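For reference, the structure discussed in these notes is given below.
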Amino acid sequence: MNTQALGVEYYLAGMRAALDDLPPNEVAEIMEDVEAHVAELSTELGDDETLEQRLGSPELYAQELRQAAGYPPKTERLPVTTKGGWLTRPRAAAWGLVAATGVTLLAGVAALREPAILLLPAVILVLSLALVHDRGPLQQEIMNLPETHRLKKWLAVEPGTPAERALTYLTSLQPAWWLIRAGLLGLGAVLLAGRDILGFLALAAIAVVSVFAGPRAKVDRRWLWFSLPASALAVGLLFQVIDVTANQLAYGSSSRSSYPQPIVEPYQNIYVYDENGKLLTNVLLYDQDGQPINAPRGYNSCNDPGNGPEPVIPANRYPRPKIDYENGVCYTVAPSVSAPSSTASTAPSSSGSAPSSSVPPTSVSPSK
Amino acid sequence: MDTSQLLKGVLDLAVLAVLRKDDGYGYDVVRRLRAGGLNEVGDASVYGTLRRLYNAGMLTSYVVPSEEGPHRKYYSINETGRARLAESRETWRSFASTLDGLLEEVAA
């Protein structure tokens, strides 16, 4: 079986060599026919029968085919293959596809932060596909490139080995991957939805088309220019989602220890003294924006249900009334400690222009 | 007389004839020709003829994926091909009857 497979490769290589003076498009079309033919014939061969015995040498086969097809004999070389040289369009297109897929994988990791980065691989893909789009669905010229053959040989596994079974199993999972891929791309689109409407539309479109691209690429290799980068993008997005999730988990568990919040003692009331140490009552406090300063109300504020309707007093009027638990009425009581006389001297008492309690300090607030 | 020499002139007609009812890929066409009695038809000649008819605009092709092995390219006859087939059939019939007449005279 394996020697038959080698025989097929050898025979096809001989055919290509015998046809290599024809236009590449035409060679690709012929080889599409011949590959299927030789592959089917090789399954019909007996154990000690060879393709040469059945079909004649590749050169004879090619000669007969050329005659019947009306091509010129091999000696008349057409100038088509002599131009182009090393950097042919199929080769440029193939490497463009490889490069764009790689770039998409990298860009996919950043695609949620900056979706516009996907324009770079998109441009490479469009350009490289444009080079070979007219070469037919099988892209035989790319399949005939030496690097493609090396890749195929490298991927080829002997039938019956565990590696071959694993490969067969993985191949059977392909439709599942197409769905997972669409799901990942759709998830990426959803994550972008609120921030970048263009990125959302682009990713959503890619997600939808990717469902069809998988099976289409089996028939028309030009779809690989969509299918391969879509897979790379899905993997990139997966990495990013994992990364973000991991970061959030790490942040959630270590935030308190690594970023200690300044400890603020909650206060429930404010007592204001003048320079003579006299407690001021009914003082209204405002911040620099004219907003009332509200101390957090403790449970001992004066809104107990037993008190009836809460008295309408501005929340920033200090000192707040304090409830007396013994008889359940609200009245202002002085703090348990008397006014610290030492802090009174450090207070800005020298500025005698302290506003009266009824005037909101917006008039003296620093200009914004 | 070597029939393979005769075949060369009429292979176009034979290939168009077997594609008239059903589309077929290359080896399929070879098999149908052989089943029809053209045992000596060469594989490569059939493939070459398919290419020539295709390039002449008498056939269209489409690719069908195959479970095992490479994709199969099916050829189907189009209107141009059918017109050519009808025309060639008339030519062949008149040619064959002419030759039959000549041979009858010889035998007589």
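Cβ from N, Cα, C; glycine included.
In TrEMBL, annotation is done automatically, which means it is predicted and not curated.
Small disclaimer: the values here were computed from a predicted structure and weren't measured.
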Given ranges A:279-298, A:299-318, the stretch to which TrEMBL attaches the annotation region 'Disordered':
A:299-318
With an 8 Å cut-off on Cβ pairs and a sequence gap of 6 or more, do the transmembrane segment (A:175-191) and the transmembrane segment (A:92-110) reach 3 or more such pairs?
no
Contact set, same chain, for the transmembrane segment (A:116-133): CB under 8 Å, 6 or more residues outside the stretch:
89-90, 92-97, 99-101, 103-104, 107-108, 110, 139, 141-142, 199, 202, 222, 225-226, 229, 233
